[in-house]
Amino acid sequence: MAKGSNCSRWVLCSLVKLVFNDAYISTKIHHRQVSPLRRPPTAAIAGRARVPGFGTRVNRVCVRAVISEGDKKKTMVETSKELNESAVESGGWVDVRAVITIRKKMKENLNEKIEDQWEYVVNGMGQGICLQLISDQIDPVTKSGKSIESYVRGWMPKPLSHPHIVAYMANFKVPHDFGCPGAILITNFHGKEFYLTEIVVHGFKEGPIFFPANSWIHSRKDNPESRIIFKNKAYIPSQTPPGIKDLRREDLLSIRGNGKGERKMHDRIYDYAPYNDLGNPDKGEDLARPVLSGEEMPYPRRCRTGRPPTKSEPFSESRIEKPHPVYVPRDETFEEIKQNTFSAGRLKALLHNLIPSIASALSSSDISFKCFSEIDKLYNDGVVLKDEEQNIIDNQFLGNLMRRVLTAGQQLLKYEIPAIIKSDRFVWLRDNEFARQTLAGGQPKQELHLHRMSVEEAIENKRLFILDYHDMLLPFMERMNSLPGRKAYASRTVFVCTRTDYPYAADGLLIWSAIKELVESYVEHFYPEPGLVTSDLELQAWWNEVKNKGHYDKRNEPWWPKLDTKEDLCGILTTMIWIASGQHAAINFGQYPFGGYVPNRPTLMRKLIPHEDEPEYEKFIHNPQRFFLSSLPTQLQATKVMAVQDTLSTHSPDEEYLGQVHHLQSHCNSDHQVQIMFKKFSSKLEEIEKTINARNKDIRLRNRSGAGIPPYELLLPLSGPGVTGRGIPNSVSI
């Protein structure tokens, strides 16, 4: 999918925030499935008040920090009541206060703690953060939104209910005819970025006005432009209040690339580039890779990084090496908890591969599994060195250190038992289980039972499925099988659905229907008139970009849906949300539960089944089990793949699932009707979870329940952390 969004971005944002409520999605859409328009940058808004430089004092500002401990939600309610009661109107002016909430790192090193103390001092002096309220009404003099500014100020603010959440307060004196603020400009004078969760403005007759951000605010030294934060009210372009129309356009420009320059880590810019960085030809010809683009190798575009070309191939982009990070739009990077979880997974993967790597280095060749019990030991005992291998290690000068590492990581050396063999070690051998997992492979020919149906009837009744790798892989088979230790078949596998219960389809349709119902009600709410879809220039430009830039190589295909009606829009959005949520969950989070047992889903085979005239045929006939195990990946190959699958199948503790809203994002939309829609959607998902659990307990549904068969839970909406084989996150995170 293309990245970013240009469609009536506030309207679609509210929907995407409801369904994809990730911390990295702010009032402007910067979701990885859609992408902003590309137009040349425009000048800043005419007549907009200049943001004072560092050290400039604003005479009208009276600022202080008032933060209390305790439950955040209760605190915010009490603070809101107190602030609104304290709003004073005198002489045509109204005292207004803004509470800005910032999230700090949960684990800080000494330097970061010192920097935080300095930030408190700078904020206390009123020289760290500048806020500028922008009215939704036009100033007749400047012809742009009315504005008034103030500095955030506070001395050593106390934490809220979360120790890493801090809040500051700024005071404004606002004219009585200012109108309602529709946006806030925020300028960060600190030397580093900070994470802004939200700004709440108190004192207006409308009550507390929320400006959700959930975004990183860059330092002014990195980018002199102020960030724009809009209030939690969604508008299509034609209904945007006049005072913030220019800001809407300017904010869209700020995340749009122009195909030039190298991206910096603080950027939030989305742009397109072909996959031309898969190889590293500067290190050797054997590391060169073709560019995935054009008629011969059509492929969706990636997020452009703008790195310089390689020296040997100008059309290839140079790769970035560790420890330097790869550019990702700033708000799309892993949150701290998820990054820590991912780092822990890498350590676990390192320990999982440590002993097989040592054994492989001490052996003349990589070691194969000799029997199934050796595979079982990966889960029961972990990976251990043989006595002679341990003696060699002990005789080395690092022997004591290595022994300590292995002792400390003893528990981590064990793999979790995959779901596929928890109840029955050999359930994976059955053909019906093979079909249940819908895997194609080089299976022996099986008798085709159509249960009194002809082939034509099976096709007509949608009961016959063919997973065909033959035509796709056949041109490459000779080259693939010439590689040492790499063998494959160009298989064509036929499946016949003999039972009415097809878990992925049955459960998936429930999730799809719930998403579709939410999208339809949402689209009807914001586009009640048929002509509003075609007249929405942002929406049409967004869809044009998805096709013509995100999928440039396939832009002229006839199968692209049009975007002329509300029905077209509902279909497009439902498909996008389903792909990034339900479909991805069904594909991704079962990798370790089903593929973590190597014989069930080997990622490669090292031998083909021998023909009768080949020397190995006798070995195959004499001991087929041993021959099969020698065909599987080696211990080192297998444990590497298992470690990757374990990492990819793991849910982070801060994962947000379909139908959930994080408590720090509870004010993402002020529209009461939209809130009702989302509550209905959440309730629907709760009902679906009960339905799926009931289906998995129904003994009549043999594809879900039976001896040794793990229940189909991949489309259960909620999950806990870790490898659970269930849970639908709001979006693709890797």
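Don't overthink the numbers, they just go from 1 along the chain as shown.
Even glycines carry a Cβ here, placed using N, Cα and C.
Nobody curates TrEMBL annotations by hand; they come from automatic prediction.
Copied from TrEMBL, the annotated features are:
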DOMAIN    106-231  domain 'PLAT'
DOMAIN    234-495  domain 'Lipoxygenase'
REGION    296-319  region 'Disordered'
DOMAIN    501-734  domain 'Lipoxygenase'
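Residue counts for the domain 'PLAT' (106-231) under DSSP (helix as H, G, I; strand as E, B; rest coil) come to 15 helix, 61 strand, 50 coil.
Within the model, the domain 'PLAT' (106-231) shows a mean pLDDT value of 86, rounded to a whole number. Outside the region 'Disordered' (296-319) by six or more residues, the chain places 1-3, 257, 259-263, 270-277, 279-282, 288-290, 326-329, 549-554 with a CB less than 8 A from a CB of the stretch. Using DSSP to sort the residues of the region 'Disordered' (296-319) gives these counts of helix, strand and coil: 0 helix, 4 strand, 20 coil.
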